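J.: Next up is a structure, given as C-alpha coordinates.
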Amino acid sequence: MAAAAMATVAVPRVKLGSQGMEVSAQGLGCMGMCPAFEPPKPEADMVALIRHAIAAGVTFFDTSDLYGPHTNEVLLGKALQGGGVRDRVELATKFGKFFAGGKPGIRGDPAYVRAACEGSLRRLGVDCIDLYYQHRVDKKVPIEVTIGELKKLVEEGKIRYIGLCEASASTIRRAHAVHPITAVQLEWSLWSRDVEEDIVPTCRELGIGIVAYSPLGKGFFSSGAKLVDSLPDHDFRKLIPRFQPGNIEKNAEIFERVNEMAARKGCTPSQLALAWIHHQGRDVCPIPGTTKIENFNQNVAALSVKLTPAEMAELESYASNVHGDRYPLMMANTTWQDSETPPLSSWKSE
(Lines of atoms letter the chains of each structure in order from A and count residues from 1; the text may use other names and numbers.)
(Lines give C-alpha, C1' and ligand atoms only; values in the text may rest on other atoms or scores of the structure.)
Protein backbone atom coordinates (compact mmCIF):
# COMPACT_ATOMS: atom_id res chain seq x y z
CA MET A 1 0.00 0.00 0.00
CA ALA A 2 1.82 3.08 -1.20
CA ALA A 3 2.13 6.17 0.96
CA ALA A 4 0.55 8.31 -1.77
CA ALA A 5 -2.53 6.09 -1.77
CA MET A 6 -2.76 6.18 2.00
CA ALA A 7 -3.44 9.89 2.07
CA THR A 8 -6.39 9.60 -0.34
CA VAL A 9 -8.57 7.25 1.72
CA ALA A 10 -11.99 8.81 2.29
CA VAL A 11 -12.66 9.31 6.00
CA PRO A 12 -16.35 8.73 6.79
CA ARG A 13 -18.35 10.79 9.26
CA VAL A 14 -20.04 8.99 12.15
CA LYS A 15 -22.45 9.83 14.94
CA LEU A 16 -20.70 9.74 18.30
CA GLY A 17 -23.34 8.81 20.82
CA SER A 18 -26.98 9.79 20.54
CA GLN A 19 -26.84 13.46 21.57
CA GLY A 20 -26.10 14.91 18.13
CA MET A 21 -22.30 14.93 17.96
CA GLU A 22 -20.75 13.96 14.63
CA VAL A 23 -17.03 13.24 14.18
CA SER A 24 -14.61 11.75 11.69
CA ALA A 25 -14.60 7.94 11.94
CA GLN A 26 -11.01 8.13 13.16
CA GLY A 27 -9.56 10.83 15.36
CA LEU A 28 -6.07 12.03 16.19
CA GLY A 29 -4.66 11.69 19.69
CA CYS A 30 -2.37 14.65 20.34
CA MET A 31 -0.71 13.64 23.63
CA GLY A 32 2.61 12.61 22.06
CA MET A 33 3.11 16.04 20.51
CA CYS A 34 3.98 17.42 23.96
CA PRO A 35 5.53 14.55 25.96
CA ALA A 36 5.54 15.04 29.72
CA PHE A 37 9.19 14.19 30.32
CA GLU A 38 10.80 15.10 27.02
CA PRO A 39 11.26 18.27 24.97
CA PRO A 40 8.15 19.02 22.91
CA LYS A 41 8.16 18.13 19.25
CA PRO A 42 8.89 21.05 16.87
CA GLU A 43 5.81 23.25 16.94
CA ALA A 44 5.79 23.97 13.21
CA ASP A 45 5.88 20.25 12.44
CA MET A 46 3.01 19.50 14.81
CA VAL A 47 0.88 22.34 13.43
CA ALA A 48 1.57 21.01 9.93
CA LEU A 49 0.50 17.53 11.03
CA ILE A 50 -2.76 18.79 12.55
CA ARG A 51 -3.60 20.77 9.44
CA HIS A 52 -2.67 17.82 7.24
CA ALA A 53 -5.09 15.71 9.26
CA ILE A 54 -7.90 18.20 8.71
CA ALA A 55 -7.21 18.27 4.98
CA ALA A 56 -7.33 14.46 4.96
CA GLY A 57 -10.73 14.44 6.66
CA VAL A 58 -9.66 13.61 10.21
CA THR A 59 -11.29 16.37 12.22
CA PHE A 60 -11.68 14.86 15.70
CA PHE A 61 -8.79 15.97 17.93
CA ASP A 62 -8.10 14.69 21.42
CA THR A 63 -6.06 16.55 24.03
CA SER A 64 -6.06 17.24 27.79
CA ASP A 65 -4.92 19.91 30.21
CA LEU A 66 -2.63 17.19 31.64
CA TYR A 67 -0.57 16.89 28.47
CA GLY A 68 2.50 19.07 28.79
CA PRO A 69 0.91 20.02 31.14
CA HIS A 70 -1.15 22.67 29.32
CA THR A 71 1.19 23.03 26.33
CA ASN A 72 -0.72 20.49 24.24
CA GLU A 73 -3.87 22.59 24.42
CA VAL A 74 -1.89 25.70 23.50
CA LEU A 75 -0.39 23.89 20.49
CA LEU A 76 -3.77 22.67 19.29
CA GLY A 77 -5.23 26.13 19.73
CA LYS A 78 -2.51 27.62 17.53
CA ALA A 79 -3.08 25.01 14.84
CA LEU A 80 -6.79 25.82 14.70
CA GLN A 81 -6.38 29.57 14.27
CA GLY A 82 -7.40 31.33 11.06
CA GLY A 83 -9.14 30.35 7.87
CA GLY A 84 -12.30 29.03 9.49
CA VAL A 85 -10.39 25.97 10.70
CA ARG A 86 -12.10 25.86 14.09
CA ASP A 87 -15.51 25.40 12.48
CA ARG A 88 -14.30 22.30 10.63
CA VAL A 89 -13.12 20.31 13.64
CA GLU A 90 -14.43 18.53 16.72
CA LEU A 91 -12.34 19.48 19.72
CA ALA A 92 -12.13 17.18 22.75
CA THR A 93 -10.17 17.91 25.90
CA LYS A 94 -10.14 16.64 29.47
CA PHE A 95 -9.87 17.78 33.07
CA GLY A 96 -9.35 16.24 36.47
CA LYS A 97 -5.93 14.60 36.31
CA PHE A 98 -2.87 16.61 37.26
CA PHE A 99 0.54 16.64 38.91
CA ALA A 100 1.26 18.84 41.92
CA GLY A 101 4.66 18.81 43.58
CA GLY A 102 5.62 15.86 41.44
CA LYS A 103 2.69 13.79 42.71
CA PRO A 104 -0.39 12.81 40.69
CA GLY A 105 -3.82 14.02 41.73
CA ILE A 106 -7.43 13.70 40.63
CA ARG A 107 -10.20 16.23 41.29
CA GLY A 108 -13.82 16.41 40.28
CA ASP A 109 -15.28 18.93 42.72
CA PRO A 110 -17.37 21.73 41.18
CA ALA A 111 -14.89 24.55 41.78
CA TYR A 112 -12.09 22.58 40.15
CA VAL A 113 -14.26 21.52 37.21
CA ARG A 114 -15.21 25.11 36.44
CA ALA A 115 -11.69 26.49 36.84
CA ALA A 116 -10.26 23.73 34.65
CA CYS A 117 -12.79 24.44 31.92
CA GLU A 118 -12.02 28.15 31.95
CA GLY A 119 -8.31 27.37 31.69
CA SER A 120 -8.80 25.03 28.74
CA LEU A 121 -11.00 27.53 26.91
CA ARG A 122 -8.30 30.17 27.34
CA ARG A 123 -5.42 27.95 26.21
CA LEU A 124 -7.33 26.56 23.24
CA GLY A 125 -8.47 30.04 22.25
CA VAL A 126 -12.10 28.98 21.80
CA ASP A 127 -15.47 29.97 23.23
CA CYS A 128 -16.79 26.44 23.51
CA ILE A 129 -15.29 22.94 23.86
CA ASP A 130 -17.08 20.35 21.73
CA LEU A 131 -16.49 17.35 24.02
CA TYR A 132 -15.28 17.75 27.59
CA TYR A 133 -14.19 14.60 29.40
CA GLN A 134 -13.53 13.88 33.03
CA HIS A 135 -10.04 12.43 32.52
CA ARG A 136 -10.25 10.17 35.56
CA VAL A 137 -13.03 9.71 38.07
CA ASP A 138 -12.50 11.42 41.43
CA LYS A 139 -13.42 8.73 43.94
CA LYS A 140 -13.88 11.32 46.70
CA VAL A 141 -16.69 13.16 44.91
CA PRO A 142 -20.05 11.63 43.96
CA ILE A 143 -20.16 11.41 40.18
CA GLU A 144 -23.51 13.21 40.28
CA VAL A 145 -21.78 16.29 41.71
CA THR A 146 -19.13 16.38 38.99
CA ILE A 147 -21.64 15.85 36.20
CA GLY A 148 -23.94 18.43 37.76
CA GLU A 149 -21.28 21.09 37.32
CA LEU A 150 -20.57 19.94 33.77
CA LYS A 151 -24.30 20.21 33.06
CA LYS A 152 -24.14 23.86 34.13
CA LEU A 153 -21.24 24.42 31.73
CA VAL A 154 -23.34 22.95 28.91
CA GLU A 155 -26.21 25.26 29.81
CA GLU A 156 -23.80 28.22 29.80
CA GLY A 157 -22.54 27.31 26.31
CA LYS A 158 -18.96 26.63 27.43
CA ILE A 159 -19.07 22.96 26.47
CA ARG A 160 -21.35 21.10 24.04
CA TYR A 161 -21.08 17.48 25.11
CA ILE A 162 -19.93 15.58 28.22
CA GLY A 163 -17.64 12.55 28.29
CA LEU A 164 -16.04 10.20 30.79
CA CYS A 165 -12.74 8.32 30.70
CA GLU A 166 -11.96 5.00 32.39
CA ALA A 167 -15.32 4.85 34.17
CA SER A 168 -17.07 1.69 35.34
CA ALA A 169 -20.50 0.70 34.04
CA SER A 170 -22.20 1.69 37.30
CA THR A 171 -20.46 5.08 37.33
CA ILE A 172 -21.49 5.65 33.72
CA ARG A 173 -25.12 4.89 34.60
CA ARG A 174 -25.10 7.29 37.55
CA ALA A 175 -23.51 10.04 35.45
CA HIS A 176 -25.90 9.52 32.54
CA ALA A 177 -28.89 9.91 34.87
CA VAL A 178 -27.78 13.49 35.67
CA HIS A 179 -27.03 14.56 32.10
CA PRO A 180 -26.69 12.45 28.94
CA ILE A 181 -23.13 11.29 28.41
CA THR A 182 -22.06 11.55 24.77
CA ALA A 183 -18.89 9.44 24.84
CA VAL A 184 -16.81 7.22 27.08
CA GLN A 185 -13.10 7.03 26.33
CA LEU A 186 -11.46 3.76 27.23
CA GLU A 187 -8.48 1.66 26.29
CA TRP A 188 -9.64 -0.85 23.69
CA SER A 189 -7.39 -2.76 21.36
CA LEU A 190 -6.56 -6.28 20.27
CA TRP A 191 -4.73 -6.84 23.55
CA SER A 192 -6.92 -4.76 25.89
CA ARG A 193 -10.43 -6.20 25.71
CA ASP A 194 -11.67 -6.31 29.31
CA VAL A 195 -14.13 -3.48 28.59
CA GLU A 196 -16.17 -5.73 26.31
CA GLU A 197 -17.87 -7.61 29.14
CA ASP A 198 -19.73 -4.79 30.86
CA ILE A 199 -18.73 -1.27 29.80
CA VAL A 200 -19.24 -1.55 26.05
CA PRO A 201 -22.71 -3.14 26.42
CA THR A 202 -23.67 -0.44 28.94
CA CYS A 203 -22.61 2.32 26.55
CA ARG A 204 -24.61 0.75 23.74
CA GLU A 205 -27.68 0.34 25.93
CA LEU A 206 -27.55 4.03 26.86
CA GLY A 207 -26.67 5.35 23.40
CA ILE A 208 -23.18 6.46 24.41
CA GLY A 209 -20.36 6.57 21.85
CA ILE A 210 -17.06 4.81 22.50
CA VAL A 211 -13.70 6.48 21.89
CA ALA A 212 -10.87 3.95 21.87
CA TYR A 213 -7.53 5.25 23.11
CA SER A 214 -4.27 3.34 22.61
CA PRO A 215 -5.85 1.29 19.78
CA LEU A 216 -2.33 0.28 18.74
CA GLY A 217 -1.45 -1.08 22.17
CA LYS A 218 0.62 2.00 23.08
CA GLY A 219 2.69 1.44 19.96
CA PHE A 220 3.11 -2.32 20.29
CA PHE A 221 1.19 -3.11 17.11
CA SER A 222 3.34 -0.68 15.16
CA SER A 223 6.72 -2.25 15.84
CA GLY A 224 6.38 -5.13 18.29
CA ALA A 225 8.89 -5.90 21.02
CA LYS A 226 11.59 -3.71 19.49
CA LEU A 227 9.49 -0.70 20.53
CA VAL A 228 10.88 -1.02 24.06
CA ASP A 229 14.46 -0.52 22.88
CA SER A 230 13.54 2.76 21.18
CA LEU A 231 11.73 4.35 24.13
CA PRO A 232 13.35 7.34 25.88
CA ASP A 233 14.46 6.78 29.47
CA HIS A 234 11.49 8.63 30.98
CA ASP A 235 8.79 7.12 28.76
CA PHE A 236 6.10 5.78 31.09
CA ARG A 237 5.61 2.74 28.86
CA LYS A 238 8.81 1.34 30.32
CA LEU A 239 6.84 0.86 33.55
CA ILE A 240 3.99 -1.06 31.94
CA PRO A 241 4.10 -4.76 32.87
CA ARG A 242 3.41 -5.85 29.28
CA PHE A 243 6.64 -4.20 28.19
CA GLN A 244 8.73 -5.58 31.05
CA PRO A 245 11.39 -8.28 30.57
CA GLY A 246 9.80 -11.68 30.84
CA ASN A 247 6.52 -10.45 29.40
CA ILE A 248 7.59 -8.57 26.30
CA GLU A 249 9.40 -11.62 24.90
CA LYS A 250 6.21 -13.69 25.22
CA ASN A 251 4.05 -10.91 23.82
CA ALA A 252 6.39 -10.61 20.84
CA GLU A 253 4.74 -13.74 19.44
CA ILE A 254 1.41 -11.87 19.27
CA PHE A 255 2.97 -9.22 17.08
CA GLU A 256 4.64 -11.77 14.83
CA ARG A 257 1.33 -13.52 14.19
CA VAL A 258 -0.42 -10.21 13.48
CA ASN A 259 2.46 -9.21 11.22
CA GLU A 260 2.13 -12.45 9.25
CA MET A 261 -1.58 -11.87 8.73
CA ALA A 262 -0.94 -8.26 7.70
CA ALA A 263 1.47 -9.48 5.04
CA ARG A 264 -1.25 -11.75 3.67
CA LYS A 265 -3.70 -8.84 3.66
CA GLY A 266 -1.29 -6.41 2.01
CA CYS A 267 -1.28 -3.96 4.92
CA THR A 268 0.80 -3.17 7.99
CA PRO A 269 0.24 -4.71 11.45
CA SER A 270 -0.82 -1.34 12.82
CA GLN A 271 -3.42 -1.00 10.06
CA LEU A 272 -4.70 -4.46 10.89
CA ALA A 273 -5.01 -3.58 14.58
CA LEU A 274 -6.88 -0.37 13.73
CA ALA A 275 -9.12 -2.18 11.26
CA TRP A 276 -10.08 -4.59 14.04
CA ILE A 277 -11.29 -1.66 16.14
CA HIS A 278 -13.18 -0.13 13.22
CA HIS A 279 -14.98 -3.44 12.72
CA GLN A 280 -16.35 -3.30 16.28
CA GLY A 281 -19.09 -0.96 15.08
CA ARG A 282 -19.84 2.54 13.85
CA ASP A 283 -20.30 3.69 17.43
CA VAL A 284 -16.56 3.22 18.05
CA CYS A 285 -14.01 5.87 17.11
CA PRO A 286 -10.30 5.11 17.64
CA ILE A 287 -7.90 7.99 18.26
CA PRO A 288 -4.40 6.74 17.39
CA GLY A 289 -1.69 9.22 18.16
CA THR A 290 1.35 10.06 16.08
CA THR A 291 3.82 12.88 15.49
CA LYS A 292 4.63 11.99 11.88
CA ILE A 293 2.59 12.64 8.76
CA GLU A 294 3.77 9.35 7.24
CA ASN A 295 2.41 7.39 10.21
CA PHE A 296 -0.80 9.41 10.15
CA ASN A 297 -1.34 8.47 6.51
CA GLN A 298 -0.80 4.80 7.34
CA ASN A 299 -3.32 5.01 10.17
CA VAL A 300 -5.96 6.60 7.96
CA ALA A 301 -5.43 3.85 5.39
CA ALA A 302 -6.64 1.34 7.99
CA LEU A 303 -10.15 2.52 7.13
CA SER A 304 -9.85 0.70 3.80
CA VAL A 305 -8.80 -2.64 5.34
CA LYS A 306 -11.73 -5.07 5.33
CA LEU A 307 -11.94 -8.06 7.66
CA THR A 308 -14.23 -11.07 7.47
CA PRO A 309 -15.72 -12.57 10.66
CA ALA A 310 -13.24 -15.43 10.31
CA GLU A 311 -10.33 -12.99 10.07
CA MET A 312 -11.61 -11.10 13.12
CA ALA A 313 -11.70 -14.34 15.08
CA GLU A 314 -8.22 -15.26 13.86
CA LEU A 315 -6.83 -11.92 14.99
CA GLU A 316 -8.47 -12.24 18.39
CA SER A 317 -7.02 -15.71 18.86
CA TYR A 318 -3.51 -14.32 18.44
CA ALA A 319 -3.97 -11.90 21.33
CA SER A 320 -5.93 -14.20 23.62
CA ASN A 321 -3.02 -14.78 25.99
CA VAL A 322 -1.42 -11.42 26.77
CA HIS A 323 1.30 -11.42 29.41
CA GLY A 324 1.29 -8.54 31.91
CA ASP A 325 -1.24 -5.92 32.96
CA ARG A 326 -1.97 -2.81 30.89
CA TYR A 327 -0.90 -0.44 33.69
CA PRO A 328 1.66 -0.72 36.49
CA LEU A 329 0.35 -1.32 40.01
CA MET A 330 0.93 2.31 41.01
CA MET A 331 -1.53 3.41 38.30
CA ALA A 332 -4.09 0.64 38.75
CA ASN A 333 -6.25 2.88 40.93
CA THR A 334 -6.83 5.22 37.99
CA THR A 335 -8.59 2.68 35.78
CA TRP A 336 -12.27 1.82 35.43
CA GLN A 337 -11.83 -1.15 37.77
CA ASP A 338 -11.39 1.34 40.63
CA SER A 339 -13.71 4.21 39.71
CA GLU A 340 -16.67 3.99 42.08
CA THR A 341 -17.65 7.19 43.86
CA PRO A 342 -19.51 7.82 47.14
CA PRO A 343 -23.31 8.13 47.07
CA LEU A 344 -24.72 11.57 46.40
CA SER A 345 -26.26 11.62 49.89
CA SER A 346 -22.76 11.72 51.40
CA TRP A 347 -21.80 15.00 49.70
CA LYS A 348 -21.49 18.17 51.70
CA SER A 349 -20.58 21.09 49.47
CA GLU A 350 -18.02 23.53 50.76
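Cβ atoms are placed via backbone N, Cα and C, with glycine included.
Okay, these came from Swiss-Prot:
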- Y67: active site, proton donor (ACT_SITE)
- H135: substrate binding site (BINDING)
- S214, P215, L216, G217, K218, G219, F220, F221, S222, S223, G224: NADP(+) binding site (BINDING)
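Structural setting of the listed features?
T.: Shown in sequence order, C30, M31, M33, C34, A36, E73 are the residues of the chain, 6+ apart in sequence, with a C-beta less than 8 angstroms from the C-beta of Y67 (active site, proton donor). Annotation note: Y67 (active site, proton donor) sits in a coil segment as assigned by DSSP.
Of all Cβ atoms in the protein chains displayed, 24 besides its own lie within 10 Å of the Cβ of H135 (substrate binding site).
Within its own chain, F220 (NADP(+) binding site) has W191, L227, R242, F243, N251, F255 as residues 6 or more apart in sequence whose C-beta sits under 8 angstroms from its own.
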J.: Rounded to an integer, what is the Cα-Cα distance in Å between G224 (NADP(+) binding site) and H135 (substrate binding site)?
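T.: A Cα-Cα distance of 28 Å.
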J.: In sequence order, which same-chain residues at least six apart have a C-beta under 8 angstroms from L216 (NADP(+) binding site)?
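T.: Looking at Cβ-Cβ distances below 8 Å from L216 (NADP(+) binding site), excluding near sequence neighbours, one finds S189, S222, S270, A273, L274, P288.
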J.: Please list residues from the chain of K218 (NADP(+) binding site) whose Cβ is under 8 angstroms from its Cβ, counting only those at least six apart in sequence.
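T.: Same-chain residues close to K218 (NADP(+) binding site) (Cβ under 8 Å, separated by 6 or more) are R237, I240, F243.
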